[in-house]
Amino acid sequence: MEDKKLLIYELVEELNKLAYEYYVLDNPSVSDKDYDKKYDKLVELEKETGLVLPYSPTQRVGDVVLSKFDKYTHKGKLWSLGKAQSLKEVEDWHNKNVKAVNEYNLTHDDKLPPIKYIITKKFDGLTINCTYNEDGILVTAATRGTGEIGEEITAQAKTIKTIPLKIDNDAVIEVHGEAIMTKEAFEEYNKVAVVPLKNLRNGAAGALRNLNVKETARRNLSAFFYDIGYNEGTPFKTYGEMLKFIKDHGIPMDDYAMECSTIEEIEKEINYIEEIRNKLNYDIDGAVIAVDDMKTRELLGYTVKFPKWALAYKFEAQEATTKLLEVEWNVGRSGRVTPTAILEPVEIGGVTVKRATLNNMDDIERKGVKLGSTVFLRRSNDVIPEIMGVVEESLEGSKDIEAPTTCPYCGSEIVQEGVHYFCENTLSCKPQLVKSIVHFGSREAMNIAGFSEKTAEQLFEELEIKSISDLYRIKKEDLLKLNRFGEKKAQNLIDAIESSKECDLPSFIYALGIPNVGKKTSTDLCKKFKTLDNLKKAKFEELVSVEDIGDIVAQSVLDFFNDETILKSIDELLSLGVTPKFKEEEIKENIFNGKTVVVTGSLSSFSRNEIKEKLQSLGAKVAGSVSKKTDYVLVGKDPGSKYEKALQLNIKIISEEDFKNMIG
């Protein structure tokens, strides 16, 4: 029995270490299968011996439903922060700090160091306080509450897999942090939620203040820690020392923490954080500027509400509420009919927003959105904002949104497939045809120079170009009859259409617009099947054998090439002189062949598509996210969170200049 108990201690220590590698470092040293095997063994031993350590990974998720939240008195106060919304306010605060230090040093022998700050991101989540006892065991987690008294949420916090249940420390400490919901976790939760979450912050706060711990676990929260508010161990001399302690003890901490001494340096870092804000996988709403030296903090002191030695610089909100006026239904290239919300104009992040995304009728019903109601809006990554939910109090007098029964453009009957609506009139529905023709002629497809959506609409309206093959029947004299078409422009378009006939097979496959098939998948298919005929005859088993192609894409390809109308259209293109060929490129031995590369930031010599094509021509796989499988991260100007992740995982980082030198 003693041997089994000893094994429990060993397994708990090992599993906690492996969990830290997996959830915090994102760099697992064992497979999921090996981890599960060890975990199952621990569960078996705990049942057999009755010994369950308080920091065992088996204690993270329980089926418990609590009856109430107990009050918890914090050992150290959780202060609010003073706020600034302009750089002038930050400068005034900085000047006061410098003046206070200079005045102190004039009259004291124990001089204070020159003012230095550490800037960190201001996370937009729920503040939590985790207490570790003298054995390093997590004994309590609590909300901020009043700053002095919060609510105990220990069971809920234990569901956050990045929070260690035990650390190597022999003094009681309280660690302050922010529980957050990542954008990825938010999207995954909302896919299956009966009532979708409205924003990430509410997602995190609602999870931790839920008495049903199982529901907390479903939201898959994360956490970042940034302060030790109570410490019975050796005092810290600087904030930098404190942050190093947090990181060294395996407590999750954001990697971004920059030292600054001047207002110019502070401004530079604030601007940087604001630039990368939308690229992050979680929400931030500002930057925190805190004095580094602890003795200087003592000198500066506190007001009744907040410390004078720290300041929060607040960014403009990325969320707002406004009134939904009407819904406009649009038809895409595939015939899908999708709703767009027309809104009462509102400012979000310095931009006036008048339209927002409504994905489909199912999405509208789940969110409870109605005409005339007030809705929550969220804008991220400079794309069209999305409606996240409705203000319940605004529903009185609102009207239901009704799905159209006929196409808003051609009047054809609409059919429903799953949660989506489609116009099946592929022969004469203007938006479908125009967008299909534009896609066909785009740079990554047939590369017909100077061919815009405006031109496609004009050809549709005035020359009755109703199919892709009609493009190759256009004559110069036809174009000369049109508005805005002079001799030169007409000849240029005819030449561009003619030169597009000699094309490579991957571009042609991509141009055809097979559902779920992008440029990379088109290239992968061509590498496997070599010719158009081979691809048309491909079986399901052959398609799924291609790397990165799953059941859905394989079925899309099968369905596409089993459609007689599509096959007839392809034959027409071939008869008109379009000759797609696959060139098997021999890749010369180079440093990138067979490597996985991630690109972040903007490059001066390459567009995003150009660098992707260049890397692929060298035999590299271009990935969209950084992981332990990444070999290189190519960093341009203003890199995003991928750069930070690469530093964390110790992945080789190369500049644009390095890249050019490496390929010769």
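Using the three backbone atoms N, Cα and C, a Cβ is placed for every residue, glycine included.
According to Swiss-Prot, the feature NAD(+) binding site maps to D32, K33, D34, Y35, D36, S80, L81, R144, E178, K314. Taking all protein chains in view, 9 other C-beta atoms sit within 10 angstroms of the C-beta of D32 (NAD(+) binding site).
Taking all protein chains in view, 21 other C-beta atoms sit within 10 angstroms of the C-beta of K122 (active site, N6-AMP-lysine intermediate). Secondary structure at K122 (active site, N6-AMP-lysine intermediate), as computed by DSSP, is strand. Sequence annotations record features per position, and here Swiss-Prot assigns active site, N6-AMP-lysine intermediate to K122 based on sequence analysis.
As annotated by Swiss-Prot, Zn(2+) binding site applies to C407, C410, C423, C429, with the evidence given as sequence analysis. Around the Cβ of C423 (Zn(2+) binding site), a 10 Å sphere holds 26 further Cβ atoms from the protein chains shown.
What Swiss-Prot lists as domain 'BRCT' is 587-664, and the listing cites sequence analysis.
Looking just at the domain 'BRCT' (587-664), the mean pLDDT is 85. Recorded residues K122 (active site, N6-AMP-lysine intermediate) and L81 (NAD(+) binding site) have their alpha carbons 11 Å apart, per Cα-Cα distance. When the Cα of C429 (Zn(2+) binding site) is compared against those of the binding-site residues D32, D34, L81, the shortest separation belongs to D32.
A Cα-Cα distance of 52 Å separates C410 (Zn(2+) binding site) from E178 (NAD(+) binding site). Sorting each residue of the domain 'BRCT' (587-664) by its DSSP state yields 26 helix, 18 strand, 34 coil. Summary of the Zn(2+) site environment: with the site residues C407, C410, C423, C429 set aside, the chain residues having Cβ atoms within 8 Å of the Cβ mean position are V331, G335, T406, P408, Y409, G411, S412, I414, E424, N425, S428, K430, P431, Q432. Around the Cβ of C429 (Zn(2+) binding site), the number of neighbouring Cβ atoms within 10 Å comes to 19. Look at C429 (Zn(2+) binding site): DSSP puts it in coil. DSSP assigns C423 (Zn(2+) binding site) to a strand in the three-state reduction.
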